[in-house]
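Structure, as structure tokens:
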Amino acid sequence: MKGENFTVWSFFFLEGFSKYPRLEIVLFVFSLVMYLVTILGNSTLILITVLDSHLQTPMYLFLGNLSFMDICYTSASIPALLVNLLSSKKTIIFSGCVVQMYLSLSMGSTECILLAVMAYDRYVAICNPLRYPIVMNRQVCVQMATVSWVTGCLTALLESSFALRVPLCGNVIDHFTCEILAVLKLACMNSLLMDMVMLVVSVLLLPIPMLLICVSYGFILSTILRISSTEGRNKAFSTCGAHLAVVVLYYGAALSMYLKPSSSNSQQIDKIISLLYGVLTPMLNPVIYSLRNKDVKDAVKKLLSKVPISSLLQSLVEWSRSLKTQIKELKE
């Protein structure tokens with residue numbers, strides 16, 4: 001559809017990794033396995049935090065929200081990626097591209113804030129343990145989680161609405177998803193307003209929450225070093241270690257994507273970073289939180305004892321068969 005000075009595209013081509021057909025097969029297997037593990041791991045975490053009364057604490061309330069975000073984030077782009085990796089037609093309609101862009105931005109933005117909230121929760125638990133039940137009561141936790149969601153969704157809406165107003169001089173996106181930076185590379189002209197919006201939102205959602213996390217862990221470390229017993233120190237370190245590992249993974253990938261000079265890396269490296277950011281990090285979150293957490297391990301064992309493994313495996317096999325059938329139909 002032609003406008004007076006620019007074109008409004010009804011669909012887009014996602015170039016993805018089409019220049020490397022052999023790599024596409026490897027990436028399909030990698031992405032499929034990572035996606036299945038992500039869904040299974042994060043769904044299990046949500047389930048045990050709801051069913052197990054011992055895990056209905058502030059930390060696990062936030063962890064359940066984090067797991068739900070990871071499921072939504074990966075589901076916004078990975079299923080479409082899997083189809084495109086095996087399809088010769090790597091297209092997406094305009095409305096689908098907008099939804100994909102908004103969901104990725106909103107889930108990613110919300111997670112930035114929630115990780116800072118989780119750091120504050122650990123700070124209160126370790127530095128002010130006697131006041132913890134009062135300061136982090138359920139009402140406060142629900143309010144903090146709600147603020148994280150609302151802020152993330154509103155900033156994503158702001159970025160998406162400004163991005164949609166930028167005229168595009170092409171419809172071939174050099175990415176495997178409608179990632180906002182890849183879409184804006186098709187802009188017919190530089191938009192100072194769009195650049196300012198992106199910069200302000202990136203600073204609000206990346207360096208500022210990261211600074212709050214560093215300050216929280218500075219106080220936590222100071223408190224831990226004053227603990228006399230070795231057992232107490234180890235328990236405190238194990239409590240914070242999982243969260244720190246997730247923070248490093250998440251912010252490391254996010255900072256490399258959104259706060260780097262545009263010419264510092266090739267577009268192909270950006271795609272790999274984006275894939276790791278979108279698949280590997282959400283998959284590792286439940287693994288990291290479960291490795292050294294006895295409560296989570298016990299809750300998972302209880303859950304597995306109630307759910308027959310054979311029926312679970314059968315469901316996975318049936319799901320994979322239906323996925324193969326859908327892919328064959330799309331290829332035809």
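Note that Cβ sites are derived from N, Cα and C of the backbone, with glycine treated the same way.
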Which listed span TrEMBL calls transmembrane segment, if the choices are 121-139, 140-158: 140-158
Stretch carrying transmembrane segment according to TrEMBL (options 166-186, 271-291): 271-291
Cβ-based contact of the transmembrane segment (236-259) with the transmembrane segment (92-120), 3 or more pairs under 8 Å: yes
Seg_contact(the transmembrane segment (25-48), the transmembrane segment (271-291)) with at least 3 CB pairs under 8 angstroms, min sep 6: yes
Ranked first among 60-86, 92-120, 140-158, 271-291 for CB pairs under 8 angstroms with the transmembrane segment (199-224): 92-120
Cβ-based contact of the transmembrane segment (140-158) with the transmembrane segment (271-291), 3 or more pairs under 8 Å: no
Distal contacts, the transmembrane segment (92-120) - CB-CB under 8 A, six or more residues away: 8-12, 14, 59, 62-63, 65-66, 69-70, 72-73, 76-77, 80, 144-145, 147-149, 151-153, 155-157, 159-160, 163-164, 173, 177-180, 183, 201, 205-206, 209-210, 212-213, 216-217, 243, 246-247, 250-251, 254, 278
